[in-house]
């Protein structure tokens with residue numbers, strides 16, 4: 001049974017950036033590789049919890065952006081493949097860095113398909129979509145080739161999970177208008193961001209952060225929930241109205 005935590009406080013974008021920097025500083029001891037692996041594992045677990053039937057070889061479309069949020073999506077795709085799902089990757093604007101090149105190689109070694117383009121048919125033929133286009137460092141405008149992808153996310157009826165922030169949303173203020181893309185579920189990483197207050201009541205909200213020390217939690221006034229068993233995620237209650245920290 002999935003444990004459901006109580007409503008939690010939110011981090012502002014500036015606090016989230018400071019927290020990430022501290023985790024990767026000598027005093028924090030984490031590397032970007034470690035944090036990306038933990039994030040991607042959390043996303044994969046949340047998607048699996050959302051629909052366990054994906055493990056029966058169903059197609060999961062993973063939309064990958066050029067930054068670390070996209071790296072989280074690549075890691076999630078690998079884990080979902082090992083869980084029995086069939087990920088396909090759309091990664092139109094690649095990051096030429098050893099970490100990202102290694103993640104791509106891992107997926108090629110699993111015979112995971114990379115797509116040259118996506119359209120409505122791609123979304124319709126998928127059982128689930130992972131939105132790992134933009135993270136908490138996103139600043140508008142949305143540049144090519146992503147405007148078309150955001151429109152497809154708005155229109156699709158396929159269940160969609162966003163990584164940390166629904167793509168195109170302001171990290172603190174949420175969607176720019178009532179016509180913005182709304183995911184079926186969100187996986188907040190380390191702590192929820194302010195945008196999560198603007199999720200629809202029906203949206204499932206997961207937290208992935210089973211690595212936060214008491215020192216970090218106290219410094220940033222984070223609430224560390226109780227995780228169940230081997231889970232790296234916990235499901236949060238909806239309608240988060242807490243003040244930002």
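Heads up, the Cβ atoms here are built off N, Cα and C, so glycines get one too.
These features come from Swiss-Prot:
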- 68, 69, 70, 71, 72, 135, 136, 137, 138, 139, 140, 141, 164: (6S)-NADPHX binding site (BINDING)
- 69, 131, 167: K(+) binding site (BINDING)
- 16-224: domain 'YjeF N-terminal' (DOMAIN)
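Taking all protein chains in view, 30 other C-beta atoms sit within 10 angstroms of the C-beta of residue 164 ((6S)-NADPHX binding site). The record gives 69, 131, 167 for K(+). Within 8 Å of the mean position of their Cβ atoms, the other Cβ atoms in that chain belong to 63, 65, 70, 73, 132, 133, 134, 135, 162, 163, 164, 165, 166. Checking each of the binding-site residues 68, 138, 140 against residue 167 (K(+) binding site) by C-alpha distance, the shortest gap belongs to 138. Within 10 Å of residue 131 (K(+) binding site), judged by CA to CA distance, lie the following binding-site residues from the set 68, 70, 138, 140: 70. Each of the binding-site residues 70, 140 was scored by how many other Cβ atoms lie within 10 Å of its Cβ, and the smallest score goes to 140. On the backbone, the CA of residue 138 ((6S)-NADPHX binding site) and the CA of residue 69 (K(+) binding site) stand 10 Å apart. Sequence-distant contacts (6 or more apart, same chain, Cβ under 8 Å) of residue 68 ((6S)-NADPHX binding site) comprise 32, 36, 135. Residue 140 ((6S)-NADPHX binding site) sits 16 Å from residue 69 (K(+) binding site), taking the Cα positions as reference. Following the DSSP three-state reduction, the secondary structure of residue 164 ((6S)-NADPHX binding site) is coil. Each residue in the domain 'YjeF N-terminal' (16-224) has a pLDDT score, and their mean in this model is 96.
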